[in-house]
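As annotated by TrEMBL, domain 'Amidohydrolase-related' applies to 59-430. Feature annotation from TrEMBL assigns Zn(2+) 1 binding site to His68, His70, Asp160, Asp313. The feature substrate binding site is assigned by TrEMBL to His70, Phe71, Arg72, Asn102, Asn286, His317, Phe331, Gly332. For Asp160, His187, His240, the entry in TrEMBL reads Zn(2+) 2 binding site. Per TrEMBL, active site is recorded for Asp313.
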Amino acid sequence: MGNKINTNELLIKNGRVIDPLNNIDSVCDVLIEEGRICYVGKVQKQMPEDKVIEASGKIVCPGFIDMHVHFREPGDEEEETIRSGSHAAVAGGYTSVVCMPNTDPTIQDETSIEFVHRMGRQTRKTHVYAMGALTKDRKGVELSEMGLMAGAGAAGFTDDGTGVQDASVMRKALKYASMFGLVVSQHCQDSSLSGNGVINAGFNSMLLGLPGMSPLAEELMLWRDIQLNKSIRAKYHAQHISTKGSVDIIRKAKQEGIPVTCEVTPHHLLLNEQTVAEYDTNYKMNPPLRTDEDNAALKEAVKDGIIDALITDHAPHLQSEKELEFLYAPFGIIGLESALPLFGKALIEDGIIDWPELVAMLTCKPAEILGIDETKGSFTKGKWGDITIFDPEEKWQIDVNKFFSKARNCPFHGWDVKGKVCYTIVGGEVRYSSERD
Ligand SMILES: NC(=O)N[C@@H](CC(=O)O)C(=O)O
Ligand SMILES: [Zn+2]
Ligand SMILES: [Zn+2]
């Protein structure tokens, strides 16, 4: 070491250290040197006071990774920017996020991928990745320049916001993407069935007199993609799955050894068409909230290890647009700053799983899908010192007015929850602390 001043040195003491990849769940210390994980265990080393975090009673785990967020830059900076979204991310415990390409213009070339990375680096909050469009202008007709985007560091490809409707285009997309070893993330939705629907097709859509979206719109495309991928064996990932039928399809595919991974949001676990406040557009999102039977099936899927990643699908929109009539308001809700306690409520408080399983779906599992597991997602020595420290017992009330996000479209405002992020550390640097917020 000599007399070199190492600013990114940190010792986190006495926390419940959970590192699912390495099967660690014990009360001990984590030492970071030169911004990287150096040692997990009992550390005797004397450190300056400002380099020590006392974490007794708290959970210390690899930094959370959200593989599905919308930061609206370029083009809709009034809704969210990479800067404001990154602040929201660290406040929620996220040390890596992946931006979706449904921006204006679409993220579909090297320059745009590099732009997102650069803005993320300059903000110095969370690591910011981007997926590129799977097809040109997300139109589902011609393939995008995947090779160039892969070269620029794209985290995968997706037309999120819409699914690729044409089966032969999807087959080509899977084949082409597999050459780069990157994930293809599909927003599974057959638009001939979802049509102009705005909520789940069923009792509630009839009651409210609103056009419905059939669960089959999701399930048919998911089933089709899995059949296509049987022989191609690309990295195929189903985004924000919402129905029991989707769970059954993925369960079967996994049993048959067909490559498929999937993700679920807090809202599809906790809310359903019965909990929708009438005509409140904070309950309008895509896919729509389904039924309590679907909530139960998704939780069961988590328990059985069918769900690979927990994501927020953080989708900021202007209040003025969300105030439009239900039929015309945009789809989507924000989620980064409320995700942890909501996942806790849905999965831990209900006794479905314990923290190590939950942490895995926020860390090593998404890291593997994204192919960033060489540097992130666990406490293996040499990985980046990306760490989330949270108090699993701290009670608080969700208040959208305290969010760092520019947006306020969140149906969980006012909810009493448990589980609060205390520190978010990136590369050994404290990028968020609840004491300073
Ligand atoms: N989830 C949503 O309801 N909206 C997303 C698009 C998407 O994820 O499909 C958005 O970009 O606003
Ligand atoms: Zn989507
Ligand atoms: Zn999305």
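Glycine residues also receive a Cβ, built from the backbone N, Cα and C atoms like all the rest.
Where the annotation comes from TrEMBL, it is an automatic prediction and has not been curated.
From a predicted model like this one, the values you see are computed outputs, not experimental measurements.
Within 8 A of the CB centroid of the Zn(2+) 2 site residues Asp160, His187, His240, the other residues of that chain are His68, Met100, Thr158, Gly161, Gly163, Ser185, Gln186, Cys188, Gln189, Gln239, Asn286, Pro287, Asp313. Highlighted here are the binding-site residues (His68, His70, Phe331) whose C-beta falls below 6 Å from ligand 1: His70, Phe331, in sequence order. Cβ neighbours of Asp160 (Zn(2+) 1 binding site) (same chain, under 8 Å, six or more residues apart in sequence): His68, Met100, Pro101, Asn102, Met131, Ser185, His187, Gln239. Taking the mean position of the Cβ atoms of His68, His70, Asp160, Asp313 as the Zn(2+) 1 site, the remaining residues of that chain whose Cβ falls within 8 Å of it are Val69, Met100, Asn102, Gln239, His240, Ile311, Thr312, His314, Ala315. When the CA atoms are compared, the binding-site residues lying within 10 A of Asp313 (Zn(2+) 1 binding site) are His240, Gly332, out of the candidates His240, Phe331, Gly332. The record assigns His70, Phe71, Arg72, Asn102, Asn286, His317, Phe331, Gly332 to the substrate binding site, and the maximum Cα to Cα distance across that set is 17 Å.
Highlighted here would be the binding-site residues (Phe71, Arg72, Asn102, His187, His317, Gly332) whose C-beta falls below 6 Å from ligand 3, but none qualifies. Listed binding-site residues: Phe71, Phe331. The one with the lowest count of other Cβ atoms within 10 Å of its Cβ is Phe331. Cα of Gly332 (substrate binding site) to Cα of His70 (Zn(2+) 1 binding site): a distance of 10 Å. His70 (Zn(2+) 1 binding site) sits 12 Å from Phe331 (substrate binding site), taking the C-alpha atoms as the reference points. For the pair formed by Arg72 (substrate binding site) and His240 (Zn(2+) 2 binding site), distance between Cα atoms is given as 19 Å, rounded to the nearest Å.
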